[in-house]
Structures are given as C-alpha cells and as structure tokens.
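According to Swiss-Prot, the feature ATP binding site maps to Gly36, Pro37, Lys38, Asn39, Ser40, Gly41, Lys42, Ser43.
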Amino acid sequence: MSEAENKLPFIPEEWSNAASSVSCSSLQPVIALVCGPKNSGKSTFSRNLVEVLLQRYKRVAYLDTDVGQPEFTAPGFLSLTIVDKSILESDWTVPCVKTPERCFFYGDVSSKRDPKAYLRYVYTLFDYYQLHFCKSSENKTELPLVINTPGWVKGIGYELLVDVLRYVSPSHVVKINISAYNKNLPAGLFWLDGNDDETAHLIEIQSAYQDRYNQSILIHKDARLMRDMRIIAYFRQCFKGKEVNTIKELTHELASHIPYEVPISSLTINHLHCQIPSSEVYYSLNASIVGLGISTEVFEDLPSCVGLGIVRGIDTERGILYVITPVPENLVEKVDLLLQGYIQLPTCLLEVKDYRSPYLSANVLAST
C-alpha cells in the first residue's frame with residue numbers, strides 16, 4: 001500500500017452505503033445532518049459524505065457547527081464552506097483549512113458559554129445557504145448541504161442539537177452510535193414531537209471500530225491538541241511558498257514577519273462573552289488571537305468575520321496595533337471590528353527554546 005493510501009481513513013461498508021443512500025436520494029435539496037457522541041467519527045463520515053456527493057454534484061455546501069473542532073477553519077468559528085474538489089485526497093494527518101463562503105467568530109470552543117448567540121449564528125448561516133444556494137432560480141443551482149455537529153449530546157448540548165434539527169428540517173439525519181449505549185442519542189426521530197408533521201430519512205450507523213486489517217481504529221482525540229493544530233495550520237498560511245515544517249520555524253517566522261499596522265482609532269473592540277475594564281483593554285489584546293470583522297458587510301444584522309489575527313504588539317503612543325494575519329491586504333483594509341474571545345495562542349508557540357521572539361516567547365528574568 002502506498003504512503004498516500006495509508007493517510008486515507010478506512011470507510012466501513014455500512015458508512016459507504018449510508019453515504020450512497022444520501023447521494024442517490026431523489027429529495028431536493030439534499031440536506032444531511034450528521035450527529036452522534038464525541039469520538040464517534042462524525043467528521044470522518046461527513047468528509048466522506050462530501051466526497052461521495054461530489055461524484056454527483058459539482059459543489060457541496062458544508063455547514064460546520066462544531067466550534068471546538070471545526071473541519072475547515074480555526075477553532076471558535078461557525079462557518080459555511082463551499083467545497084468544489086476532493087478533500088479525501090488531502091493528507092488526513094494535516095488539518096484542511098479553506099476560506100469559508102460565510103463565517104462568524106463565536107470566540108469559544110464550546111456553545112455552553114452563550115447558547116443563544118451560538119444558535120443565532122447557526123440559523124443565520126443556514127438562512128444564508130437557503131438564500132444563495134438553495135432556492136431555485138434561473139441563476140442558481142441547488143447545492144446539497146452537509147451539516148457537521150458537535151459531540152456534546154447531553155444536557156444543553158442535546159437541547160441545542162434538537163433546536164438546530166427543528167430549524168433546518170434536514171432531508172436526511174445520519175446518527176452514529178457507539179458501544180457505550182448510555183452516551184448515544186435517543187432512538188428514532190428524537191427531535192420531533194407528536195405534533196410535528198415534518199419527517200426525515202433517519203440513517204443509523206455504528207462507529208467504525210476496526211480497519212481493513214481488523215485492527216482497532218477508535219482514537220480518543222486530544223481536543224486541545226487538535227485545536228492547537230488547527231490554529232497552527234491557519235497561521236501557517238501567512239507563509240505560503242516557504243518551508244515551515246516545525247513549531248520552532250513557525251515561531252521564528254511569526255516573530256520576524258512584518259505585521260500590519262492598524263490604527264486603533266479605526267477599530268471597534270468587541271469583547272465576546274465578557275466585560276473588560278477600559279483600563280485593561282490594551283493589556284488584554286496584547287499577544288492575543290482576535291477575529292477580524294467588517295461591520296459594513298452584514299447578513300441579518302451580523303457582521304462578517306474574514307479571519308483571525310495575532311496582536312503581536314501595541315504602540316499606545318502612536319495608537320497602532322501590530323497584527324499578523326493571513327487575510328489579504330484588501331480585506332484587512334476593510335476591517336473595523338476586533339472580536340476578542342477565548343481562543344488562545346497554542347502554548348507550543350510560547351515555549352520554543354533557543355529563540356527569543358517578542359510577544360511570542362516566555363522570556364522571564366531570573367530572580368536575584
């Protein structure tokens with residue numbers, strides 16, 4: 001087996017049949033929501049489903065509602081991405097970063113902190129999909145939609161999933177079950193009550209336990225590590241064309257990279273989920289990850305977010321923020337909102353030895 005094949009996931013026959021059932025459906029548009037407990041394989045199945053749909057459609061819409069481990073963006077985002085080429089051909093050991101069609105910066109890795117804001121973002125992204133890619137007209141072609149969901153399926157997480165299911169009314173729901181029965185979602189069309197006239201094609205499959213060699217493939221992901229990898233993959237885009245293969249190389253490049261100078265007077269700073277005293281605003285921004293928003297580009301009164309930036313330094317005398325971001329200059333010039341949440345720089349970028357990088361290294365003077 002080739003090295004490339006080794007990097008592809010094993011797709012069980014049951015999963016292949018489920019994906020084919022969705023793809024071959026006569027229902028239009030195809031709106032497939034994938035749900036199940038954490039570590040059940042939702043992301044893997046969703047990516048495979050996109051691949052199967054691309055065999056029939058030129059493009060597939062992907063609505064990612066998992067703010068902790070999103071598929072195509074850095075953590076903290078809710079996004080709608082249009083996929084027009086194979087994603088299974090990419091190396092599955094490396095996070096796949098794509099530019100979304102529309103995204104919002106929620107600013108945390110769990111919907112627990114602000115469920116109402118979370119639902120509003122999800123609903124707005126779905127409305128955007130319906131308006132631009134679903135409703136039939138002479139100039140529009142309906143795109144199938146795959147919705148990936150978080151693995152938090154108990155308590156508030158369960159209630160949020162039910163709310164999303166009722167709002168989007170999917171044509172297909174793929175429910176992945178694991179061996180720990182008490183961690184699974186309820187049986188049947190659990191999100192519908194007796195008064196609902198709507199229905200959906202429910203497909204229940206088992207989590208993939210073994211590969212083609214009958215070896216266990218259950219991987220308990222380190223959530224923090226996965227988030228750090230996605231943040232690293234995102235900011236590596238600042239250095240396209242350069243060989244940046246190690247954490248040390250990335251830290252060096254980030255520290256030496258020429259940042260954008262952004263006048264503080266041109267910005268509105270929005271602290272998500274918390275209140276920051278005015279005397280500590282600059283201190284809180286320094287060496288932080290922020291969402292870059294454009295207030296003039298709104299949909300349903302929500303400003304768009306064009307990406308993330310690292311505030312590498314602040315010149316309070318000149319009133320300048322120094323920001324590193326892979327966002328193109330023509331978009332950075334439009335940014336007038338800084339959205340600060342709880343997405344943090346990976347500690348590995350702060351602890352690289354043998355290199356002193358201002359704001360990106362822990363340089364502590366020894367006590368005397």
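Cβ atoms here come from the backbone N, Cα and C positions, even for glycine.
Structure with Swiss-Prot features highlighted.
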residue: Gly36; record: ATP binding site; Cβ contacts under 8 Å, 6 or more apart: Lys42, Gly151, Val153, Lys175, Ile176, Asn177, Ile178, Asn184, Leu185, Ser207
residue: Pro37; record: ATP binding site; Cβ contacts under 8 Å, 6 or more apart: Gly151, Val153, Ile176, Ile178, Ala180, Lys183, Asn184, Leu185
residue: Lys38; record: ATP binding site; Cβ contacts under 8 Å, 6 or more apart: Pro150, Gly151, Trp152
residue: Ser40; record: ATP binding site; Cβ contacts under 8 Å, 6 or more apart: Gly151, Ile176, Asn177, Ile178, Ser207
residue: Gly41; record: ATP binding site; Cβ contacts under 8 Å, 6 or more apart: Trp15, Ile176, Ser207, Ala208
residue: Ser43; record: ATP binding site; Cβ contacts under 8 Å, 6 or more apart: Asp66, Gln69, Glu71, Asn148
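Note on Lys42 (ATP binding site): other Cβ atoms within 10 Å of its Cβ, all shown chains, come to 24.
For the recorded ATP site, residues Gly36, Pro37, Lys38, Asn39, Ser40, Gly41, Lys42, Ser43 set the reference point as the centre of their Cβ atoms, and the other residues of that chain within 8 Å of it by Cβ are Gly151, Ile176, Ile178, Ser207. The DSSP secondary structure for Ser43 (ATP binding site) is helix. Neighbours of Asn39 (ATP binding site), defined as other CB atoms within 10 A of its CB across all chains, total 15.
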